[in-house]
Each structure stands twice: as structure tokens, then as C-alpha cells.
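The structure appears below as C-alpha cells.
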Amino acid sequence: MSEESRKHDIEEQHIEKWIPLKERKLNQIKSKLNNLKQQQPQQHSQQQENEQNNATATNTNITNTTTTTTTTTTTTTSSNNDNNFEDEKKPIYQQSQSLLDQKFEMIKKQENKTQRELQQGGTIIENDVNSSNNNNNNGEENKIKEEKRLDMEESDILKSLKTFKPLVSVKDRAKDVIYTDSIKTNWRAPRYILERDEKDHQKVRDQLNIITDGEDIPPPITTFKEMKIPKPVIDVLLEKGIKKPSPIQVQGLPVILSGRDMIGIAYTGSGKTLVFTLPMVLFALEEECKLPIIQGEGPFGLILCPSRELARQTYDLVNSFTNALHKNGGHPQLRTLLAIGGIDLREQEHIFKKGVHMIIATPGRLLDLLNKKKINFKLCKYLGLDEADRLIDLGFEDDIRSVLDNFTNQRQTLLFSATMPKKIQEFARSALVLPVEVNVGRAGAANLNVTQEVEFVKPEAKIVYLLECLQKTPPPVLIFCENKKDVDDIYEYLLLKQVEAVSIHGDKSQDERESAIKAFREGKKDVLVATDVASKGLDFPEIQHVINFDMPREIENYIHRIGRTGRRGNKGVATTFINKNNTESLLLDLKYLLIEAKQKVPPALLEIPDDNQYLQKLQDRNGNTGGGADDDDTKPCEYCDGRGHRLVNCPKLKKQAGPKRDFFGSGGGDW
């Protein structure tokens, strides 16, 4: 709305407010004039009688020496009064001029008084309009000033974040090495696909909601056969129910097989793990066929994961490919090392003696092996970071740098996650060469296959209400808790209620954690109770229901949690308990996610006041039902990608700006 139209609306409102007042004034004046016409003869007669009485009293007190004069005056006055009284009784056109002049003067005075009142009212209206305009202008100016202040503060924060060293090895920085070309591979897309027009390639991307960014992007390919994937691997995928590539695989696999560095962003359960594991297996197989490795050599490829469970899951997937290639394809047996805490190194000595082709690891155990000279990266040219935003976060930056310092040659670097804020993407690009970004859906968006149900539950009623929620869907069900104590309490409560349940958290041994996950996957147990250690990347295809016993401290953990259901195109339900203990910033982030995913927003979230322009536009446009909006409508937090707060109020940034023990305290056992 323009300033002129807004001012006009304000004037209209004030005029409407003053119209009744002016009407009342005019009605009062008309009433007074009517009364004046009716009362004028009586008032004039009374006035003449009073004057006559006063004159008589005066004449009585005067001495008799003027008797003749007094008598004459009294007679004259009486005669005039009688004439006026008689004149008043006549019709107005027969009244004397003096009486008409008196009435005219009276009416004129009333009209002048009315005009003064109306002028005064108009002045008040104008003053009120000007005052309102001034107040509104002051409010707009204050809002603009506050917006500029926040922008400047956020700019200072971003500048301080950009002072971090690039994500490259010490050797490359010391030698001032800058790679300008990506690694060359022998893989090529089929000729008929390469000969297609770029418009045809973009049409495929648009149909699958694939957004790409980069130079000379390889074409998307919609079948595994056209990607030249070996038949034994395709058979393994068919056994897992994967008949055709998912959107992230359609574009991601050709990019990586071409040797390009890549940032992959897609919702949970979209098949990201396959994108960076399968090319590594094919690359290691090609290198082994060229020149077999011997003791002390290897690996050719490395994948880093944020948790033991995710590393174990990735390791199992890689082994399924290598075993199929060896047994059904007649290819050499590739050896993969799982380097995570809780595994006795003596059990893995036979792998070190023969040489390692690939390593799946968590940073802590990997650094331990490097320090003990068990492995080296002289031949390693392939690095994948799963859940990359976690691995590159402030608390883990030094671990990643220490790993990179052991690389001696150029490598192909891949970063994948469901949540990767813009700031983390920019920081990660310092480790990439001519990267291609492949994005399926907005970074940090929830899986649209998941129905999100958010309920306000008092803390003391949560554990009892949990049993009712378990009845929504058949098993298996996954329950997430923020604290290890809550995991143990819920596990014991479910056992008392005769529910087949298992639990995992960071304090349990590796054997306990692996046996619990195995029993849950095999269907021997109906419920798995876990901390966020089970929320990152773990694949449970049959899960229909995820229950968040409490909200995580960061919204991105919520996205990872609910992503354990609704995988591989299936539908799922996520129930989340909220209460007054949750921070307003976190609840606003949740409110945004629900609106964006077209989910029902509970009254408890609708009542939270906020000045987020993006949320207000979404609500105005879609009636609180969601429905997407351009990212340009507002700026998300550039540190965590949350939309319910700004960078200056980012809870994650404040948390990680504190002592390191704050963020090493939870989940540190996985490192």
C-alpha cells in the first residue's frame, strides 16, 4: 500500500469518527433556534415587565418634587411595553422592525458560534490525522532502523565466521597448491544421452524437482542400465526393492561417476547413501584391476560418518556390492575396513596385512589408525562426507583438517546431507574443485511423505500418553529422546507394560547397540527407544511411526528424526510432544516447517507471536495450510537454515560459540 493511499485511509477513519459529532452539534443548534422562536415572545414580555418593575421602584424612591416628570416617564414606559407586547403577538410580517432586528442578531450569533465549532472540529480532525501520520511514520522509521541494525549485526557475525581457514590440508596451504580441474575418469554417459539438447536435460530435472548449480553439469540419467552400472549391482538393488534411481541418484550418480566434486542435498530417505558409495566401489574395483594392492597400501576411497551406527550401515551396503561383484561378476574381492570405536583392532589385523581398498569410519578411530601408522592415504583419491554439516560444524572442524592433512594427492570430495545451511555450503566449497551442487527440495525441508502431528503434552503426562500414541500404527515404532535417562526410563516402562522394546544411547557398549538395532531390524522387537545417535542416516525401511518424546534442541535434528519414516516413497507418521519447556525460537522453527510442508499447525504454535515476514506471508497466502513461497520472501538463518529466527538469535550459533565441552558432551562417544 502506498503512503498516499494509507494517509487517505487514516483521514477517512478520522472523518467518520467526527461526522456523528458534527451532526449532533447541528441538531443542537436547530433545536436551540426552534426553542428560541417559541420562547422569544415570552422572554421579551418578561424582560419588559422586569424593566417596568425596576422603573416603578426607582420612581417611588424619587422625591415628589419631580412628580410631574415621573408620572410622564412612567406613562411613556408603560405605553412602550404595551406596544412591544402587542407587537409580539402579531404575525412576523407585521412585527416592528426593532423586534425583528433583535431576533436577527440572536440567530446570527448562533450561526457564528456554529461556524466556530465546525472550524474547531476540522482543525482537530486535521491535527489528529497529522498526529496519526507522524506516529505511523515514526513507527516505520523505527522499524527500518531496527532492520538495518540487525542486518549490520548479522554482517559482522558472517565476517567473523569467514575468518576460518579454508577446508584444505596444511601441505596444500604451505605449498600454495590450488587445483583448477576435476579428476578425470573413464566413465562416459551413453552417446545418445550426450547428444541431447540441454533443454531436454533441464526438462528431466524440472520433472523430478532437481535443482543444480555449477559449470558443465553432466546430464541426468533415469535408469541404472544407462549409467553402465554392473549387472550384479543392479541385481542387489532389485533385491532391496530399488528398481529405478531416485531424483538425487538420477543427477548425483552421473556427476560423481564423471569425477566431479559434489554437494548433495536431499530429504531424508531419498537414497543419498547409494550416490556416494556405489561410485567408490566402482572406482576401487577399477584401480584394483589396474594394479592390485599389497600389504600396507590403500585405501582408494574413504567415507566419514558422524556415528558408529551410520558407519556400520554404510559398511554393510558397500559389502553387499563388493560381495555381489565377486561372487556373481567374477571380479576381485574388495576389502572394506570399518573403523569405529568399540571394535577390537586385533580382529582387523588380517585386513591390514592384505591391504585395504575402502574405509568407512568415524573421525576418532580413523585418526587413531593414522597416528599408529596402520593406514595411509597415498593412494586415496576419493573422500565422501556423510551428514557433512555435522562433520564440518565448529566442534569437528579440527578432526576433518587432521584427516585432510594426510592426503598427498588431489582427491574427489563429496558432501551429502539432508540439512546443509548456506554458510556451511560456502565453507565446504573451500575444499572442492569446480563443484556441482545437486539439490532435491529445499535444504532443511521436511520429507513430504511424513504426516507430522504435534501435540501439547504436559511433562508429567508424557510417559503415560506414550502408550496411547503407540496404538496409532502397527509396529515397528521408533521413539526419540533428548536425554539418556529418559531412554532408560521409557524402556523400563514399556517392558513393564509387556511391550517388546530395545534401547540404544551413547553409554551402551558397541555390542549392545549393534544387537539392539539388529533385533529391531529383523522384527524381533517392536519398539526402539534411542537418543539422536539413531537419527542420523540410519535406514529402517518398514518404520511407519516415529515418536519424538521431546523436541530436540535444534530443528535440523527434528528433520533427521522424522526422516526415519516415510522412506523410499512410503508414507509415515511422526508424533511430537511439545510443552512450555521448549524455547520460543525452536517452536517458531517448527511452526515454519509445518506450514511449509502443508501440515496442521496446533493452536499452541499459532498463539506464539512472531514478526517473521516469511511466516506471515505464508499464512496470509495459504490460510495456515502451507504451500511454499519463494526463498526471496525472507532471509533464513544463514548458520542453521532455520526460518523461525534470524542469525543474531540463532540458538545453535550461541551454543557452539561457548566452550567446546558443551557440544562434545553429547554423543562424543561416537567419535
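Numbers run from 1 along the shown chain.
From the backbone N, Cα and C atoms, a Cβ is placed for every residue, glycine too.
Within the listed segments 5-22, 185-202, 203-220, 635-652, Swiss-Prot records zinc finger for the stretch 635-652. Secondary structure at T273 (ATP binding site), as computed by DSSP, is helix. Each residue in the motif 'DEAD box' (386-389) gets a DSSP state, and the totals come to 2 helix, 1 strand, 1 coil. Least packed by the Cβ count within 10 Å, out of the binding-site residues T268, S270, T273, is T273. Fewest Cβ neighbours within 10 Å among the binding-site residues Y267, G269, G271, K272: that distinction goes to G271. DSSP assigns T268 (ATP binding site) to coil, not to a helix or a strand. Away from its own ends, the motif 'DEAD box' (386-389) comes close to residues 263, 272-273, 276, 303-306, 310, 314, 415-417, 419-421, 424, 428, 536-537, 556 of its chain (Cβ-Cβ under 8 Å, at least six residues beyond either end).
Beyond the motif 'Q motif' (222-250), the same-chain residues lying 6 or more positions past its ends with a Cβ under 8 Å from any Cβ of the stretch are 187, 189-190, 193, 204, 208-210, 257, 264, 266, 270-272, 274-275, 278, 281-282, 320-321, 324-325, 327-329, 438, 440, 541, 568.
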